[in-house]
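> The active site, proton donor annotation in Swiss-Prot covers Tyr101 and is backed by sequence analysis. According to Swiss-Prot, the NAD(+) binding site annotation covers Arg154, Asp267, Asn415. Taken from Swiss-Prot, the feature active site, proton acceptor applies to Lys172. Taken from Swiss-Prot, the feature divalent metal cation binding site applies to Glu243, Asp244, Asp267. Taken from Swiss-Prot, the feature site 'Important for activity' covers Asp267, and the record attributes it to sequence analysis.
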Amino acid sequence: MNNDKRPLYIPYAGPALMATPLLNKGSAFSAEERSSFNLEGLLPETTETIQEQVERAYQQYKSFESDMDKHIYLRNIQDTNETLFYRLVQNHISEMMPIIYTPTVGAACENFSNIYRRGRGLFISYPNRDRIDDLLNNAANHNVKVIVVTDGERILGLGDQGIGGMGIPIGKLSLYTACGGISPAYTLPIVLDVGTNNPQRLADPMYMGWRHPRITGPDYDAFVEEFIQAVQRRWPDALIQFEDFAQKNAMPLLERYKDRICCFNDDIQGTAAVTVGSLLAACKAAGTQLSKQRITFLGAGSAGCGIAEAIIAQMVSEGISDEKARSQVYMVDRWGLLQEGMPNLLDFQQRLVQKHSNTKEWENEGNGFSLLDVMRNAKPTVLIGVSGAPGLFSQEVIEEMHKHCKRPIVFPLSNPTSRVEATPNDIIRWTNGEALVATGSPFDPVVHEGRTYPIAQCNNSYIFPGIGLGVLAVNAKRVTDEMLMESSRALATCSPLAINGRGALLPPLEEIHLVSKKIAFAVAKKAIEQGVALEITDEALNDAIDQAFWQPVYRRYKRTAF
């Protein structure tokens, strides 16, 4: 722990020490440390505090005009001095989260090979499939407890970015630390380079990944299996988060491994957890229950269906039957409402089709039922967008919803901002300020008829850092559906709008540490209850969470021999 007051004993010195991001202090090395570690003459004379370093770094940060340049600058600090990076980000979390993660990280992934400065994490390519154990042994961090891994095929709403997808694991793990207090020494970003089907990447002379069409089918599955087994040999207790895998792989991988190892898929389960938490808060603010809602989804991929299943589980926990809950959820994709008998549906979509008996009296304007048809016939009270298709929550759709629902709950969750189904400004205007809105990307508050409406960012960063902290605090062996449900309920209790009747649906990011600790406690307690972690008292659990929570402060160094 960096907040430990005991000194760290360091076996190397000089430029090697300054080149180690986890240990480098830059101008904050004390006079004693400069003498002991052969740093004299390598740094300017003045010894600074970390706060003075933060002030200089922030001044430099503000000098950059574009978000991409700011992203590159912050990544450079991260690769030079991690303690300074996290202190800077924590001091300016609301301002910098959109720079280190969505939406800016999307452009960083698209331009990964062009802005590449220094390697971070592991690039495990298919040609090295027989040497994965060796590659894991080369990782800079040896005591890894949290891994975020992607194959780069479905990066946000931007599609196949090949190894450019590495920007996502790097960004996600930055938030595990900045929001959830997990030491960066315990984290490892990984990209599985199985090629790319993106013609722009393959034709780009700057592209740094394996120039080959994507490996698929049994060869792909065998490669992922070997990776999982190698991780189990190297770090058997590590939490693995699957990130931005394509729909055809995301759910099958989760189903294959969730009962074998400690893992979860943030796109499916994390998105579901934060959405359910936000919905619970919205329902409380509106004076109703989730089980009484009629919910329409635009987007029936793995993320949308994962959210729907989590909502159904919560509705059932409130006392209605599974069949009744499913009858209140309407999944719409490019072909219209998912109905029984539709061809080419995936297994996880089949569970969410509407029965013909539920729609036989509906009116429509063509074959099947469009989103607008569903608005007119089902009269939903909740509308969730996970389509990645901008503008599909049209004025006609929102106004139709508002006709039969005084306080519609509208969540356009697609990332990045360019892919959002509707802007909060439009939704607030079209509903005369009565809609409850949360988005996937950050938006400024909306001013409508003299009133200011703060817009909650329904961002997974409210959930996954707390899940990770809870898992690490009790060394949980699995991440169960019940643990994820508890994370949603814990998040809902933090809602300013639900508690006070004003403010945003979700708490400000400046309170994210308190939120993460509350979620960690709920998740860890459920893990203990389910027998996937050793039993400890509530007091001991709070202590374990506090002990696990890393703070970006410099520790004293003492030199020791190898």
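Placed from the backbone N, Cα and C atoms, the Cβ positions cover glycine too.
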> Can you check which residues sit near Tyr101 (active site, proton donor), meaning Cβ under 8 Å from its Cβ, same chain, 6 or more apart in sequence, and list them in order?
Gly171, Lys172, Ser174, Leu175, Ser461
> Between Glu243 (divalent metal cation binding site) and Arg154 (NAD(+) binding site), what is the CA-CA distance rounded to a whole number of Å?
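Rounded to the nearest whole number, the Cα-Cα distance is 9 Å.
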> Give the residue from the binding-site residues Glu243, Asp244 that has the most other Cβ atoms within 10 Å of its Cβ, counting over every protein chain displayed.
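Ranked by Cβ atoms within 10 Å, first place goes to Glu243.
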> Quick one: pull the CA-CA distance for Asn415 (NAD(+) binding site) versus Asp244 (divalent metal cation binding site), whole Å only.
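That comes out at 12 Å between the alpha carbons.
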> Please report the distance from the Cα of Arg154 (NAD(+) binding site) to the Cα of Asp244 (divalent metal cation binding site), rounded to the nearest angstrom.
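About 5 Å separate the Cα atoms of these two residues.
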> Rounded to an integer, what is the Cα-Cα distance in Å between Asp244 (divalent metal cation binding site) and Asp267 (NAD(+) binding site)?
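It is 7 Å, counting Cα to Cα.
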